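Feature annotations, reproduced from Swiss-Prot:
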DOMAIN    1-62  domain 'Disintegrin'
DISULFID  C6-C21  disulfide bond
DISULFID  C8-C16  disulfide bond
DISULFID  C15-C38  disulfide bond
DISULFID  C29-C35  disulfide bond
DISULFID  C34-C48  disulfide bond
Amino acid sequence: EAGEECDCGTPANPCCDAATCKLRPGAQCAEGLCCDQCRFGDWNDDTCTGQSADCPRNGLYG
């Protein structure tokens, strides 16, 4: 929804502040195939580039 950076969820979420629906300090993401422990994963260029929590659209994955 407008103004939200992440899905509020529960207070136990280490990435997203449930009271504000904003990412916690130091977090880059709260969910997604390329989100690992609140950080963008950079496993390889075809799946996770380190720039987003989502896989890139490159013809192979989307």
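Residue positions begin at 1 at the first shown residue.
The backbone N, Cα and C atoms fix where each Cβ goes, glycine too.
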Secondary structure split (DSSP) over the domain 'Disintegrin' (1-62) reads 0 helix, 10 strand, 52 coil
For C21 (disulfide bond) and C8 (disulfide bond), determine the Cα separation and express it in whole Å.
5
Relative to the Cα of C15 (disulfide bond), which of the disulfide-bonded residues C34, C35, C48 has the closest Cα?
C35
How many Å lie between the Cα of C16 (disulfide bond) and the Cα of C6 (disulfide bond)?
6
Taking Cα atoms as reference points, rank the disulfide-bonded residues C29, C34, C35, C38, C48 by distance from C6 (disulfide bond) and give the first.
C29
Measuring Cα to Cα, how many Å separate C34 (disulfide bond) from C8 (disulfide bond)?
19
Which has the fewest other Cβ atoms within 10 Å: C15, C21, C35, the disulfide-bonded residues listed?
C21
Within 10 A of the CB of C29 (disulfide bond), the number of other CB atoms across every chain shown is 21
Calculate the per-residue pLDDT averaged over the domain 'Disintegrin' (1-62) and state the result as an integer.
85
Show me the subset of C8, C29, C35, C38 whose Cα is within 10 Å of C48 (disulfide bond); these are the disulfide-bonded residues I mean.
C35
For each of the disulfide-bonded residues (C8, C16, C34, C38), count the other CB atoms lying within 10 A of its CB, then report the residue with the highest count.
C16
Pairwise Cα distance for C8 (disulfide bond)/C29 (disulfide bond) [Å, integer]
12
C6 (disulfide bond), Cβ-centred 10 Å count of other Cβ atoms over all protein chains shown, is 22
